[in-house]
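Per TrEMBL, these features apply:
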type	residues	note
TRANSMEM	27-52	transmembrane segment
DOMAIN	41-289	domain 'G-protein coupled receptors family 1 profile'
TRANSMEM	59-81	transmembrane segment
TRANSMEM	101-120	transmembrane segment
TRANSMEM	140-159	transmembrane segment
TRANSMEM	197-216	transmembrane segment
TRANSMEM	237-260	transmembrane segment
TRANSMEM	272-291	transmembrane segment
Amino acid sequence: LAMGGNYTQPRFILLGITDTPWAQAPLFGLFLLIYIVTLVGNIGLMVLVWVAPSLHTPMYFFLIHFSLADVCYSTVISPRMLTDLLFGDKTISWAGCVTQFHLFALFVTAECHLLAAMAYDRHVAICHPLSYVLVVSPRACWQLVAWCYLVASLSALLYTGCTFGNSFCGPCRVDHFFCDASPVLRLACSDTRGCEAAIFALATANGLGTSLVILLSYSRILHAVLGMSSAPSRARAFRTCASHLASVSVFYGSLFFMYLQPASRHGSRDKVTSVFYTVVSPMLNPFIYSLRNKEVKAVLERCRRRV
């Protein structure tokens, strides 16, 4: 329940992507298609890795969890957005808003750390191939994934506490299509500068920390690849990393634009940026990892022949 003096406001109102009536139906059709493709692509990739023994490697182990995070945080956002577009009832309860934001923060933060774990895996595979099996063992893989979810869980608790631990005065009209930190904090009656600074610092620690791991890993990879005498070996190494780099660029580009800027600079462009990393990016990842990956394409071809 949101409290502001003697005023009680138990519900938020999500203003959505647009309030133009004629745009509701086309947007519903577009986002429904994107969500279906996201589910089919990511779940299909998870099943493919699970059933194909040739894909039972650390890289694809991390990819299963990456696809799972995509499915989870897309499901946290898209069904609610589709319901709002279809029925026009954009109210959401206090508990529903808190839950949506908490789960979104959890899985997005987990995805950042999973991308860093995947970069570390590629670094060991290319720079230290002889010790790869020992360093990136099944036990180490599970420990890395557990660490990703542990850090994400603690971060999500702090994000949620900072965002919703304020007094809110009505009307609680959230100028967004989901409960995100910046539009929710704009509704607070109390001073939110401390909360905004804490969220910014935590987002910086998670975002820049994981991106630094990725940059260091790929700087070492680039140095090792350029030192290879065989052109086919260099091409194979670049091909191995291309999918991960494409996914990193799409995800971090939109995420940094959205969260690593002062609260005063947030505006109408936030909705477009948010659509990109909450809706479009989870749909693109299965295509990035399957269409640019010879191992996945080979397994898909074998499955097609069997069918």
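Backbone N, Cα and C define each Cβ position, glycine as well.
Nobody curates TrEMBL annotations by hand; they come from automatic prediction.
Fair warning: this is a prediction, and the values are worked out from it, not measured in the lab.
Between the transmembrane segment (197-216) and the stretches 27-52, 59-81, 101-120, 140-159, Cβ pairs under 8 Å are most numerous for 101-120.
Same-chain neighbours of the transmembrane segment (101-120): 59, 62-63, 65-66, 69-70, 72-73, 76-77, 144-145, 147-149, 151-153, 155-157, 159-160, 163-164, 178-181, 184, 206-207, 209-211, 213-214, 217-218, 244, 247-248, 251-252, 255, 277-278, counting only residues six or more beyond its ends whose CB sits under 8 Å from a CB of the stretch.
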